[in-house]
Structures are given as structure tokens and as C-alpha cells.
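Features of the protein shown, as given by Swiss-Prot:
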{"type": "BINDING", "residues": "ILE17, GLY59, VAL60, GLY61, LYS62, THR63, GLU64, ASP251, GLU317, ARG389", "note": "ATP binding site"}
Amino acid sequence: MNLTPKEIVKFLDDYVIGQKKAKKIIAIALRNRYRRMQLSPELQDDIVPKNILMIGSTGVGKTEIARRLAKMMGFPFIKIEASKYTEVGFVGRDVESMVRDLANAALNLVKNEQREKNKDKIDEFIENKILEKLLPPLPKGISDEKQEEYKNSLEKMRTKLRNGDLDESTIEIEISQNMFDTNPNLPPEMGAMQDIVKVIGVGSKKVKKEMKIKDAKNALKNEAGEKILDQESIKSEALKRAENEGIIFIDEIDKIAVSSGNSNRQDPSKEGVQRDLLPIVEGSNIQTKIGTLKTDHILFIAAGAFHLSKPSDLIPELQGRFPLRVELDSLDDKALYEILTRPKNSLLKQYSQLLKTENLELEFDDEAIKEIAKIASRANEEMQDIGARRLHTVIEKLLEDLSFEADEYAGKKFVVDKKMVEEKLGDIIENKDLARYIL
């Protein structure tokens, strides 16, 4: 999608309140990708993305900015926590697995696009598979009259299948099953091994299962995709997308920084994780299920609160790989008020729509919204600052009784006013000890 930086920021304004500096920097970084692709191949190789370091408390919009943009522009995107990785030689996930995760995200993205383009062919394949079970093909040598009867019965059955009239009927189908897909107890570091065995086919077998037709339609989608879609071209496109459009969002980067003033209490493997991360951010070749993936042009966005450490506590080489830095603003009561009212699918709209399913019309008057924002802001100031996430806790507590008794208000309109907010939350916010547990 070809959008100018101004258009990108305008799109983000519908979902993320404030944070103009962060939006501007990311918009420019994404536009530079488009600009790079317009150049000669020789020059493209020399232009590497300027990685971004976002500094700010939790809940201020760091992840949301990157996630929204990636989804809107159709870019492969993954979010990982730096603190979940371990140095090579230690038990746990190694940093290369984040690149394999990005490859999987790109593969799923391209597969879904191709499935949508070939939806009619896939639906027809699934229909024919199910119809074969419902009405087995006639043997050879059958009279023309019998063949015509069979054809008519088949079309009637096809119509019923498409209309959903047979959804509750049960059939037995044969589907492929991989032993790794069905074992939830495998450790995450087995990811590479899973990729290998899937490629060579070890551990895969056909199993027969009885299920309702509506479930069989979903179960046969993968098989339909494997048969109809060109798997090699999908892998090739996914590799290209991951290399040139991929975004890896590394959260909690501050958790692997080694504070100089408190070095004796640090985990010695933290610096090791940084050093393992360095070649990936600099550019290296990683083996994945879709081929060898070059990380040179992946955009890395690192983020952290940096309450107990500073960006300068990261190793110098890694600092140099994140040249663009932006500090995100904390959210005051005015910003929280805008978060409750401005976004397309604001939190208040979500709650109203949820209760609408109970035939209850829920409204918030303006003074009530301002009071909710003030209480959330005060809770953030007096306790740990968790940004906009505090609004979820405050509104859940405010609407707890109404949600529980929603059926009693069916067919009615319920207006939340300032008085109700004060009655439900006033005593809690005044009692600091109680507020720490509830809000």
C-alpha cells in the first residue's frame, strides 16, 4: 500500500491518541521502504532501514502503533519479548527463533491472501470431498438413466450443502495429522525441529475422523490449500515479503540491559542475549522453513520502559543499530478521555456493543467519561503507571454489577452518569491500600 507519511499518521490517529513524534518517525521509516523499492537493485542493497527505539511506560501505545500499521499495510509482523530469550548454550529460546517466527507470519499472510483469491476453487474442492462421502461415485458400466439420476441427486445434495442444511450431519473424513501439532507440551525451542520434520514429512500420517459437516469444511481447508495453491510460489513470495517488508517488534528491551550501577545483581546471560541479537539486527542469513532469510532489510522496533535502566546500558554496538529514538508521552486525564471517546472502536463502544447483545442500551454521559478518565489517571499517578490499560480495570469495576444483572435490564436504556462513577469508584480510589488491589 502506497501511503505518504501524512496519510499514515492520519490513519494512526483513528486508533492511537497523541504520540505524534512516535507516529511521525514510524511513518517515515515505512515510507522509506517504498522509496527504497523504487531504486536500482544495486542501490537497494546498500540502503538499510533505520531501526527505532521507543521509550515509554506500558500502555502508552508503543505496540499498538506498530501492530496497526503492519496490519493496515499487509506487512509480516511479530511481537516478541526480549526477556524470553536466552544466550546460546543456555536452556530456552535462542534469538534466531524470532526470524523463524517472522517467516511463519509471512507464510501465513501470503497463504491467506492466496486462499482468498482462490476461494471458489477451494470451496469447490471441499464440496466435492464431502459429496464423495455423502454420495459415493457410481461404478463403471452403469446405464445412462442411472447416471442421470445420480447427477440430479448430486446437484440436489450440493445445493443443500451450500445452504447449510447438512451442517449438523456427521461424516467420516481422512485428514493429515502431524504429531508435533497435537503435542502442547513440546518446549518452544523445538520450533526448528518441527519445521524440519514437516518439510521431510516425518511424523505425518493420515487419520480418519468422524465429525459434523460444518467442522469437516474447516478441517479440509488446509488439504484444499495444499492441493490447489502453488506452494513453492507461496514460499518464494513469503520469503520476499519477510526480507523486504518484515517488522520485528522487540518489547522489554530494557529487561536485557545491564545497569552499570547494579551490575553485580544482573543476570550474566543478559549481555549474551544482546550479543546474540546483534548479528540478526546487523544482517545475517537464517535458515527457515521458507528458505534462507536475509535479515538486512527487516525493520526492528525495540521498546522498553527503562525504569530501572537507561538506553545507554545496552551494549554500544546494539545502541548503534537503533539510531532513531523516540520517547512516548505518559497519558494524563485529557489523553485518557480522548482514548475513551475518539478511536473508532473505543473501549466504551465495545462495552456498549457487548451489552447490546443482552438487549440493553448502554450510554455514558460526558461528565461520567471525564470522571472515569480522572480516576484512571489518579490511579496511574499513585500506583504503577500502566497507561491506557488502567481504563480496562476501572470500567470493569464500574460495570461489574450491571454486567452481572444485564438480563434484568433487557429492553431498557441505562445511562452511566458522574454520580454513579463516584458511588462505585470514589471510596476505592480514596483508600490507597484498597485501590492497589482493585484498580
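Start at 1 and count along the chain as shown; that gives each residue its number.
Glycine is treated like the rest: Cβ placed from N, Cα and C.
Note that the structure is a prediction, hence the values are computed from the model and not measured.
Swiss-Prot feature annotations superimposed on the structure.
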| residue | record | Cβ contacts under 8 Å, 6 or more apart |
| --- | --- | --- |
| ILE17 | ATP binding site | GLY61, LEU331, ALA335, GLU338, ILE339, ARG342, PRO343 |
| VAL60 | ATP binding site | GLN19, LEU328, ASP329, SER330, LEU331, GLY387, ALA388 |
| LYS62 | ATP binding site | ALA22, MET54, GLY56, ASP251, ALA303, LEU328 |
| GLU64 | ATP binding site | TYR15, VAL16 |
| GLU317 | ATP binding site | LEU278 |
Recorded ATP binding residues, ILE17, GLY59, VAL60, GLY61, LYS62, THR63, GLU64, ASP251, GLU317, ARG389 - maximal Cα separation rounded to whole Å: 34
